[in-house]
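Now, the feature entries from Swiss-Prot:
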- 38: N-linked glycosylation site (CARBOHYD)
- 45: N-linked glycosylation site (CARBOHYD)
- 78: N-linked glycosylation site (CARBOHYD)
- 90: N-linked glycosylation site (CARBOHYD)
- 98: N-linked glycosylation site (CARBOHYD)
- 301: phosphoserine (MOD_RES)
- 99-108: region 'Important for peptide agonist binding' (REGION)
- 280-290: region 'Important for antagonist binding' (REGION)
- 1-23: signal peptide (SIGNAL)
- 24-111: topological domain 'Extracellular' (TOPO_DOM)
- 143-149: topological domain 'Cytoplasmic' (TOPO_DOM)
- 175-189: topological domain 'Extracellular' (TOPO_DOM)
- 219-225: topological domain 'Cytoplasmic' (TOPO_DOM)
- 254-269: topological domain 'Extracellular' (TOPO_DOM)
- 296-306: topological domain 'Cytoplasmic' (TOPO_DOM)
- 332-338: topological domain 'Extracellular' (TOPO_DOM)
- 369-415: topological domain 'Cytoplasmic' (TOPO_DOM)
- 112-142: transmembrane segment (TRANSMEM)
- 150-174: transmembrane segment (TRANSMEM)
- 190-218: transmembrane segment (TRANSMEM)
- 226-253: transmembrane segment (TRANSMEM)
- 270-295: transmembrane segment (TRANSMEM)
- 307-331: transmembrane segment (TRANSMEM)
- 339-368: transmembrane segment (TRANSMEM)
């Protein structure tokens with residue numbers, strides 16, 4: 001139990017030694033609890049140790065397990081852990097009881113706070129890195145007009161949706177204090193609605209990615225007939241009435257705490273969570289069909305368009321499970337085990353905060369069209385500056401006497 005619990009143990013021993021009546025009563029209660037147990041042969045009799053734990057009648061040679069005491073010298077302990085004591089082969093209890101697993105609840109709360117603060121740091125770090133990467137990707141798609149086809153416009157809008165979601169995440173973290181959270185003012189509810197709207201747009205733009213690839217590869221429908229406004233309606237338009245319906249539900253049935261969380265028995269959050277799960281499942285079906293076609297019909301094809309489709313599919317195959325895993329984690333109960341809870345907190349914090357970074361990497365930084373356009377821009381910039389440098393050097397060379405005399409001779413001849 002550590003140094004301080006050991007000091008408390010010494011004090012408890014002194015107190016118990018001075019009060020034999022209470023010890024005798026505990027022994028009687030422990031003996032009465034052991035009457036129901038059927039133990040034959042050599043055995044250890046029921047006994048209460050100096051901490052107050054009842055060790056029931058047990059066969060010789062057995063290691064007996066008992067829950068940690070709920071209270072010990074005014075301190076609460078975690079009763080889900082156990083203490084251990086051996087019933088020796090001669091039918092007597094071992095003098096030493098192993099309480100090493102028993103931990104103060106105060107210490108557990110401190111550990112939980114430490115893990116919480118680390119998770120907060122991971123969240124801030126991940127969202128900062130993601131936001132920087134997303135902004136760089138956004139500027140690249142904005143500046144590189146030569147690659148502005150419908151496929152890359154969809155990538156660009158997906159990145160924009162993630163930028164807005166990350167930005168509203170920072171707004172929520174920096175403005176919604178516990179006091180504001182409890183007061184449930186109108187502006188904090190609007191901030192929550194905006195964050196949830198951009199959260200939904202992430203999934204619908206991923207759905208747009210899946211629709212485009214499924215149309216081009218599985219349905220073999222010409223992508224020239226697809227229009228940007230169709231995907232704008234899917235990505236930005238459809239989530240809006242969903243969030244409006246959710247906000248109305250919150251206003252009438254769960255209007256508290258800035259619309260974060262939910263009360264037991266109130267399911268208004270499923271108004272926007274349901275469509276997110278639906279488009280996620282549809283995208284998984286799309287990807288299954290796309291991969292099936294790529295593995296059969298397009299394997300031998302080496303056209304540049306097919307290569308781009310394959311790379312887009314690879315990116316979507318990585319990102320869609322990434323988005324899906326992080327969202328499905330909200331429905332998972334990590335359990336009571338401390339290790340599983342800590343792993344769950346860290347894993348969820350990492351995936352949730354670094355999503356934007358992964359989207360930027362797979363759809364922009366690893367995009368061969370983007371990289372090729374950047375290389376061309378870089379070469380043009382180098383050529384332009386090298387020409388300027390050569391001209392500047394030529395202009396800075398002083399005119400030699402030979403050239404001056406020759407020029408004057410030509411002028412005199414012309415006259």
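Just so it is clear, glycine is given a Cβ too, placed from its N, Cα and C backbone atoms.
Counting other Cβ atoms within 10 Å of each Cβ, the lowest count among the glycosylation sites 78, 90 belongs to 90. DSSP assigns residue 98 (N-linked glycosylation site) to a strand segment in the three-state reduction. Per-residue pLDDT, averaged across the topological domain 'Extracellular' (175-189), gives 86.
Counting other Cβ atoms within 10 Å of each Cβ, the lowest count among the glycosylation sites 45, 98 belongs to 98. Comparing C-alpha positions, residue 45 (N-linked glycosylation site) sits nearest to 90 among the glycosylation sites 78, 90, 98. Secondary structure counts, DSSP: the topological domain 'Extracellular' (254-269) has 3 helix, 0 strand, 13 coil. Among residues of the same chain six or more beyond the transmembrane segment (150-174), those with a C-beta under 8 A of the stretch's C-beta atoms are 124, 127, 130-131, 134-135, 137-138, 141-142, 191-192, 194-195, 198-199, 201-202, 205-206, 208-209, 212, 223, 226, 228, 231-232, 235-236, 308, 312, 355-356, 359-360, 363-364, 367, 369-370. Distance between Cα atoms for residue 78 (N-linked glycosylation site) and residue 90 (N-linked glycosylation site): 32 Å, as a whole number. Of the candidate ranges 190-218, 226-253, 270-295, 339-368, 339-368 contributes the most Cβ pairs within a distance under 8 Å of the transmembrane segment (112-142).
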